[in-house]
Ligand SMILES: C[S@@+](CC[C@H](N)C(=O)[O-])C[C@H]1O[C@@H](n2cnc3c(N)ncnc32)[C@H](O)[C@@H]1O
């Protein structure tokens, strides 16, 4: 697949300012990658599809959400991309939680360079999630852990009304089956716009009966 940004961004609601900020992110990622090895080197060849568009598609699944938290952000996917979009929406922001200091240094640098509306937490998610339960609208995590572990980590957020958006590969159905053995939750599977074999699990917690 060619990695043409125009092609990758087709169909997404991306302003000229956001496009310019995304171009800065890609340039900085390429620069840092040479010394810091932040993402799988093969994925950089398709960075606009594999990372930028793959992250942007989550925003369309929760258009009214103001406060997001992205767990295990790595080099910023999806959280930093969502934070770049949030920069043009007053009152919108994304918490980025990442335990690897080298990746946090990149996140802070890239956030400054792009003007992304993010707060970087250089910490383990187990220590951050409890303090952010109130006021988070959406929790995301890509390539962090299988669904049962994700639900164990994010249960306090989901119980408080947050929406979970978890990009998954071909094993999504098996992960759903495994998680449903011990937990009761609502799940919808949305086919990925960047890879028809992949999907995004849209998870909500059932309300307690009144
Ligand atoms: C495979 S990478 C995925 C990065 C990014 N989400 C992506 O899809 O490109 C998983 C990331 O989660 C981070 N991580 C793993 N366990 C964590 C924890 N308990 N708290 C915070 N970050 C964690 C790792 O340092 C790593 O950067």
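Glycine is treated like the rest: Cβ placed from N, Cα and C.
As recorded in TrEMBL:
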BINDING   72, 77, 125, 126, 142  S-adenosyl-L-methionine binding site
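Spatially close to residue 126 (S-adenosyl-L-methionine binding site) yet at least six residues away along the chain are 153, judged by Cβ distances under 8 angstroms. Taking the Cβ of residue 142 (S-adenosyl-L-methionine binding site) as reference, residues of its chain lying under 8 Å away and at least six apart in sequence are, in sequence order, 54, 55, 72, 77, 78, 166, 167. Classification of residue 126 (S-adenosyl-L-methionine binding site) by DSSP places it within a helix. For the S-adenosyl-L-methionine site listed in the record, the two most distant Cα atoms among 72, 77, 125, 126, 142 lie 19 Å apart. All protein chains shown were included, and the count of other CB atoms within 10 Å of the CB of residue 72 (S-adenosyl-L-methionine binding site) stands at 21. In sequence order, 71, 72, 97, 99, 153 constitute the residues six or more apart from residue 125 (S-adenosyl-L-methionine binding site) in its chain with CB-CB distances below 8 Å.
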